[in-house]
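For reference, the structure is listed below as C-alpha cells.
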Amino acid sequence: MLKKSIVTMMTLFSAVTPALAAVPGVDSSAEGTANGIVAVSHPLAAEAGRSILQQGGNAVDAAAAIQLSLNVVEPMMSGIGGGGFMMIYRKDSNKIDIIDSREVAPANVTPKLFLDANGHPVPFEERHTNGKAVGVPGTLKGIETTLAQYGTMTLNEVIAPAIDHAEQGVTVNWATAKYIQNNIQKLQKFGTAANVFAPGGSPLKEGDLLVQPDLAKTLRLIKENGSDVLYNGEVGEALVAEVNKRGGSMTMDDMRNYTVEWREPVRGTYRGYEVASMSPPSSGGLTVLQILKLMEGYDVQAMGVNSADYLHRLLESMHLAYADRAAFMADEDFYPVPKQGLLDDRYINARRQLINPSAATPSIQAGDPWQYEDTAASAKNVPQEKKPTGQTTHFSVMDRWGNLVSYTTTIEMEFGSGIMVPGYGFMLNNEMTDFDAEPGGVNQVEPGKRPRSSMSPTLVLKDGRPFMAVGSPGGPTIIASVAQTILNVIDHRLPLQQAILTPRVYSSSYPHVEWEPGIPQEVVLELLGKGHRFAEKPDDIGNVQAVIFDADSGKMYGGADNTREGTVSGVDGAAFTVSRPQPAVPPMEAVFTLKVNGLTYPYTADQTLIKDGISYIAAAPLTLGLGIDRSSLTANTVVFDGQPYLPVRATAEALGYDVTWNDSERTVLLAKEMEKASDQVEKAYQEDKFKITR
Ligand code: GLU
C-alpha cells in the first residue's frame, strides 16, 4: 500500500506491521532521540541543521542553517531569491509565531500585469519565465529577523555550511539531476543559470560536482553585511537590474521597503487534537482545517487507509474546501477573509451534507461562510485556471528544549522564473504567478500585496503541547498532502514514516484526480465508478518532512519523503535517508483498451479477452469501474477458465452507453452524457453508513 518502494521501508522497520505505541505516529520499534532532530529533503542540509543543534543551537538557529544550505544544495526549490513561512513554537512561553517572508508585488504593478494586448492572460509557460513574475523576495530578511528575535547564534555562524558547500561543491544527487534535466529549456532561456547547472550545454548528472562560486561570493557578502547587502546594497542592485532586463519593473525602493510580517496561525480542533496552520496570505491552514473538519464527521478509521470509501469522501471534502479557497482566501491585508465562518461547526456540518456517499457531485460551488461572521462581505470569485504545480521545500526541526520549527520555503516553480542574478549565483522566484492572471477576484495582482499561497507549515498539538510538525511542497497539492498525513497519523494510526509514504490523492474540483503510484487498481476502479476521473498515469504528489514528539517518553521521531532524498537526522541517532523508489513494473498491456467518455480505464491483460469477436472484461473489475451493482448483471455473465466475465457491449448498452469499436486502436469506446446532480444528496448523506451521529 505504500507508494513507491516497500523495499525502502523494509530497511527502516524491523517488522512489516510495526508495533504501535500509545502515541499515534510513533512506531515503538523506531529509534527516537531526546536531543533534537531534523527532517529535511536533502541529506547535506539536514546535516547542517543537525550540527547546529549538536553545537547547542536551538530550532531557529538550525532552521536558518538548513534554509541557507538548501539554497546551495537544493537551489531549484528555495533560497534568498524567494519567500516562505517559518512557524515557530517556543517552549518557554508555549506560543506559536509565524514569520511571513512571502514575496510581495512591486509598487509599479496593476491587476492587468499578466494580460496581453487583447486583455487575455499571457499563457503560464510564458509569463512565469519573465521579470514580471518575480516578487520582491523575503527569505533572507525572514531568517535574519527570526535569528535576532529567537535565535542564539548569529547569521555569521549559521551560514558557514552553506558557504562551504557553495565553494567546495556538492555531489548532485538523483533528485537534483532529475530537476535539472526536466528544466533544461528554462535554464537555457536566459543562459546564466544554464552555465551553472548545465555547463557547456550538458545538464549535470547524478554524481557530478556542483560548484557555485558566485553564490559563495554572495553568501560571504551576506555573512559580512547581513541582509542589507541584498535589500539596500550591491546584491539588490544586481537583482533589480536583472528583473528589469527580463521585462519586470522592480526598483531598489521595492527592495528597501520590503518587510516581513509576524502572523498568528489559524487554529482548529480535530478529534481532540489542535491543529495550528498557516494563516492568510496562505490559503493553506484554512483549507487543511476545512478538509479535516469535514472528515471529522465520518468514522475515518473504520473506512481503512486508502479504501474507496475513504478516498471518495476525502475527494469530495477537498472539492468543498478548494471551492471556498478560490472564492475567499487571499492576502488578508487587502481583503477580509471569513476565517471564523469557514471553520464554524454549523457551516462545516451544512457543507458536509453536500457529500453523496455513492457518487461524485459535479456541482460543488463555494458556500457562504460570511453568514457565520459578524461582518459581511461578498466573495469576488474569478474562474481558477489550471496551472502546472509548483515546487518548494518543507522541513521540520525540534530541539532538545522542546522548541519546534515547521518551515515551508519556496521560489515557486522548480528553478523559479529561471532567472539567475548574474555574478551572484541565486535563482529568482516566480511567485507573482500565484496571483490570478485575471483581474477581479480577491487574489488579483496589486502593488505591495502578497500572492495567495498554499503553503501550510503546520503544528498538531495535544493537550496544549505540540506533538507533530508537518508540511509539504506542491502548490495547491500541499494542502492535500498535509491533510492526508495528519489523517494517516491520527485516524489510521500509521507510524509517521508510513503515514508519509502512503500514496496520496489530490483533486481541487470535480472530476479530475491526481494520484500517486500504489493506490490499488480496484480502488481506482471503484472511484471511477463513482464518477471521479483519474489521471491516466500516477505521479508524485508533494514531499512531506515531519517530526513527532512523544511527550510520555520524551523522545522525538522523524519521517521523510522519498520523492527526494528525504533525511531524518537526530543529534544522537534516529538517522536515515530514504532510498530512491524503484520504478513500478508496468502491467502487461491489455488485449484491448476500454475508454469511457474519453478516459482510459486501467484494465490489465488478464482482465480482458476477445472471444469470437466479442470483447469481455472480468466481471468484478468491470462492474466496479462502471459503478454498477454486480448482482443486476449476472444474466450476462460468461465463465472462461473458471473466471466470470461480462461482454462489454451488451453490459454497457444495458446501462445506456453508446458503444463503438475502434479497430485500429483496438479500443472499445463508451460514451454517455453524465447524469445531472441528484437532488437527493442530502438524503444520501443522512444514510451514509460511515457518518458519525452525535
Ligand atoms: N508558490 C507556492 C505557494 O506558495 C509554493 C510553491 C509550491 O510548492 O508550489 O503556494
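The backbone N, Cα and C atoms fix where each Cβ goes, glycine too.
Keep in mind that TrEMBL annotations are predicted by a computer and have not been checked by a curator.
Record features (TrEMBL):
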| type | residues | note |
| --- | --- | --- |
| SIGNAL | 1-21 | signal peptide |
| BINDING | Arg102, Asp434, Ser453, Ser454, Gly475 | L-glutamate binding site |
| ACT_SITE | Thr392 | active site, nucleophile |
| DOMAIN | 634-677 | domain 'Copper amine oxidase-like N-terminal' |
*Taking Cα atoms as reference points, rank the binding-site residues Asp434, Ser453, Ser454, Gly475 by distance from Thr392 (active site, nucleophile) and give the first.*
Gly475
*How many helix, strand and coil residues does the domain 'Copper amine oxidase-like N-terminal' (634-677) contain under DSSP?*
10 helix, 18 strand, 16 coil
*Recorded L-glutamate site residues Arg102, Asp434, Ser453, Ser454, Gly475, farthest C-alpha pair in Å*: 14
*Only counting partners 6 or more residues apart, tell me which same-chain residues put their Cβ under 8 Å from the Cβ of Ser453 (L-glutamate binding site).*
Phe85, Arg102, Met278, Pro281, Ser282, Ser283, Gly284, Asp434
_Around the C-beta of Ser454 (L-glutamate binding site), how many further C-beta atoms are within 10 angstroms, looking at every protein chain?_
30
_Helix, strand or coil at Asp434 (L-glutamate binding site) [DSSP, three-state]_ = helix
*Given the recorded positions Arg102, Thr392, Asp434, Gly475, which one has the fewest other C-beta atoms within 10 angstroms of its C-beta?*
Gly475
*Could you please provide the mean pLDDT value for the domain 'Copper amine oxidase-like N-terminal' (634-677)?*
90
